[in-house]
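> From Swiss-Prot, for reference:
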BINDING   G171, V172, S173, R174, T175, S176, K177, T178  ADP binding site
Amino acid sequence: MGNRAGAHFCLASGLRLPSKGGVTIGVIYVISDSLGETAEYVARAAASQFDGGGLDIRRVPYVTDLDHLEEVVNEAAQEQGIIAFTLVLPDLKKKLLELAAARGLEAVDLLGPLMDAITRVTGGRPRLEPGLIRRTDEDYFRKMEAIDFAVKYDNGKDIRGLSHADLVLIGVSRTSKTPVCMYLAHKRLRAANLALVPEVPLPGELLNLPPEKIIGLTIDAGLLYQIRQERLKTLGLPGPAGYATRERIEEELAYARRVMDQLGCPVIDVTNKAVEETAGKILQIYYRRERNGK
């Protein structure tokens, strides 16, 4: 992935300017409800004007809930850092300003004032959707690479890809592994996936992965039964088939749970969740771990 270099990739990226006597005298937390690249560029530009002190820039992407927000602000308070943010969701922005004020922190809204000015001049209303900006340079090619990766290593086509993935999704058949991987690819994460089948031994490539690279997907047995029945109808196959019986589904789900427990990976229940919702939870897990250096 890009942006792996930096003084503090524990928060997705970092820039450290020369410091006096090797001591960092300032930390800027860049908080965003999307990737946060826009805010980071502005923070870098501002930091570059201060040659006399060390400024450590820590980007925290995909902050989309209040618990995550409070966690980051508390960390910033421990460092007495500056907060620069591009949050377009009003509730999150309001809460951030309240938390920062309560802790005596400087919090700078990099996007809001300009959006307010555009509204005053044009009379238009902002869409208030995170991540609308689209980049067509290096990020575009990284996205294309991630999409190619997801296609090449879909459903265990080539087990060698597991060790090169940013994330590996595991679960029984019809738990949305493939569409979630494609969604993650559009966020420039190289995601592979592997179906868990009781009769198929787990590959060594999976067993050798660190748990933080693996995400387990599970689903309600009743819903999975309906999905598989519909799948058989779509394919024009007669039922019932072993693949779609309740007994088989219960067996597969129990096996998958044992595997996930063995691997020690986080598990997400995809029951009645849209692909975007599942992917959003995965992104939160991924970037929190990056921020914590795990």
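Just so it is clear, glycine is given a Cβ too, placed from its N, Cα and C backbone atoms.
Buried or exposed, and what's around them? Tell me for each listed feature.
Around S173 (ADP binding site), the same-chain residues six or more apart in sequence whose CB sits under 8 Å from its CB are A195, V197, R228, Y243, E252, listed in sequence order. Reduced to three states, the DSSP call for S173 (ADP binding site) is coil.
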> Around the ADP site (G171, V172, S173, R174, T175, S176, K177, T178), what further same-chain residues have their C-beta within 8 angstroms of the site's C-beta centre?
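My list of surrounding residues reads N193, A195, L217, I219, V270.
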> Which residue, out of the binding-site residues T175, S176, T178, shows the minimum number of other Cβ atoms inside 10 Å of its Cβ in this structure?
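Minimum Cβ neighbour count within 10 Å, taken over the binding-site residues T175, S176, T178, occurs at T178.
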